[in-house]
């Protein structure tokens, strides 16, 4: 009897734990209207300072996006796509514009809180989804920051070696990295030093870091414009024929590669709490920075493919070597300087975004409260910022993180897809105020099922395309996504977003296209990236189960999507 009672108690305890886990995981965050959000944050002692204007936000987005990609990726893709690389950048830019429209609506809807994609999914879906989005994004940011810092160290050494006294005298552990223990470790001291310096700049305050970003971003934009103008006089239009030598598939494949050259506009959304006029400026900053990037990329593509036949482009430094071949070595030096400035701002903004995401989770209790502390005089999340700097510095200092590049972009693509889904889910959430609870619940669940079907169709189409399956299978996947989108469009009613200064046009079609294409790109990633997505999700769920569900701040949470009462309203 005692054994049976013990077994029964154990089963009851397990059932109780799973019941608590389920209830916790399905909690969602209820945020107040934008006006009251601003008021609460401005009067609380743990708030950031609103010092970023519209121009600062645009430069922040450009600084995050325009890096070495403009000097390297353009030529790498052009070797396969030919002059059609211009179309590749146009297609990728158009896709990012659609994603940016979704970000712009949500940034306008939640203009006074940090967190970006994490916060949007917390409000639109539930706590566990938000935590998984954060972990996947953060792994991208940490590895990306370490990788970029290594590239920055290499470019910085290349610039220093322009001086004859230093040429060939700088050790490997200060530049490209010195292999240790048979390649298991790769020592790079300069990368860690550069990360420490940028972390110090960010700790000083958003005004100082924004000024530094503005100077560096303006420098690289001016250099890119000089490159475009100087190269325009060396264009031979005969080099643009044939425009797509390897067919449209190579152009489309190029679009999947260059898509990641645009990512970074989400950094603007993460600066919500430090924007002077967030509800107006955030959408403009997101779209404005993206349009600037598209224009610069297209200009560089046209110049590069017009100066040199695509088959002769260099793999490592195509733009610099193109100008050197024309006897314009001074422009090559400018390109190296622009690459250093570009990588510096990309790294700076990446570290900035990381600290604000940690700040959001610290405030919500999903991470230890030390991450939520704001320095009383510097008004920066000092502990979060230092932690991000330490993690990136350790990774960059002792590991060859370039070898991990094939598992990057998982968090970015999943994060963008979730943000697009949030637009639809929150519009359905708004709808509940005009419908009964039962009808709204059914409508919301139906909408989520359609979004999942669209995501699965995008992955299926991507896999079929990647492995050159019959076009029938690709068209079948597209057809399923079209049907699911049609169900969303014709069976639901989508009013203007409540409390938002900007509404994404074409809801739900625009978000559906975003989800489909993002997951299509996800399917093009290395198989190890898929494994990483699964393993990291399992580990993140375990961390949430052991810590997050018990420490979350429940003061603004809604359980099981229960209908609001009159008092809640």
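Note that Cβ sites are derived from N, Cα and C of the backbone, with glycine treated the same way.
Quick caveat, the model's predicted, so the values are computed rather than measured.
The domain 'Cationic amino acid transporter C-terminal' annotation in TrEMBL covers 502-551.
TrEMBL lists 57-78 (among others) with the feature transmembrane segment. Counting residues 6+ beyond its ends, the transmembrane segment (57-78) has Cβ neighbours under 8 Å at 85, 88-89, 148, 151, 155, 210, 213-214, 216-218, 220-221, 224, 254, 257-258, 260-265, 267-268, 271, 275, 281-282, 284-286, 288-290, 292-293, 296-297, 300-301, 304-305, 310, 313-320, 322, 335, 338-339, 342-343, 345-346, 348-350, 353 in the same chain.
If you look up TrEMBL, you'll see 85-106 (among others) marked as transmembrane segment.
If you look up TrEMBL, you'll see 118-139 (among others) marked as transmembrane segment.
For 151-174 (among others), the entry in TrEMBL reads transmembrane segment.
Per TrEMBL, the feature transmembrane segment maps to 180-203 (among others).
Look at TrEMBL and you will find 215-235 (among others) tagged as transmembrane segment. Counting only same-chain residues 6+ beyond the ends of the transmembrane segment (215-235), those with a CB under 8 A from a CB of the stretch are 59, 62-63, 66, 70, 292, 296, 299-300, 302-304, 306-307, 319, 322-323, 326, 328, 331, 334-335, 337-338, 341-342, 344-345, 348.
TrEMBL lists 247-265 (among others) with the feature transmembrane segment.
Within the chain carrying the transmembrane segment (382-401), a Cβ under 8 angstroms from the stretch's Cβ atoms is held by residues 141-143, 145-147, 149-150, 177, 179, 183, 185-189, 191-192, 195-196, 198-199, 202-203, 351, 354-356, 358-359, 362, 370-371, 373-375, all 6 or more beyond its ends. As annotated by TrEMBL, transmembrane segment applies to 382-401 (among others).
Among residues of the same chain six or more beyond the transmembrane segment (407-426), those with a C-beta under 8 A of the stretch's C-beta atoms are 98-99, 102-103, 105-106, 109, 117, 120-121, 123-125, 129, 133, 135-141, 143-144, 147, 260, 263, 266, 444, 447-448, 451, 455, 488, 494, 497, 504, 507-508, 510-512, 514-515, 518-519, 521-522, 525-526, 528-529, 532-533, 536. What TrEMBL lists as transmembrane segment is 407-426 (among others).
Summarising the annotation, TrEMBL assigns transmembrane segment to 447-465 (among others).
Residues or ranges marked as transmembrane segment in TrEMBL: 471-490 (among others).
Residues annotated as transmembrane segment in TrEMBL: 529-547 (among others).
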Have the transmembrane segment (180-203) and the transmembrane segment (151-174) got at least three CB pairs under 8 Å, pairs 6 or more apart in sequence?
yes
What else in the chain is close to the transmembrane segment (151-174), if you only count residues 6 or more beyond its ends and a Cβ gap under 8 Å?
68, 187-191, 194, 333, 336-337, 339-340, 343-344, 347, 402
Test of understanding: applying the rule of at least three C-beta pairs under 8 Å (pairs 6 or more apart in sequence), is the transmembrane segment (247-265) touching the transmembrane segment (85-106)?
yes
Residues of the parent chain within Cβ reach of the transmembrane segment (247-265), under 8 Å, 6 or more residues beyond its termini:
61, 63-65, 69-70, 73-74, 76-77, 80-82, 84-85, 87-89, 91-93, 95-96, 100, 103, 286, 289-290, 293-294, 297, 346, 349, 409, 412, 520-521, 524
Using DSSP, how many residues in the domain 'Cationic amino acid transporter C-terminal' (502-551) fall into helix, strand and coil?
41 helix, 0 strand, 9 coil
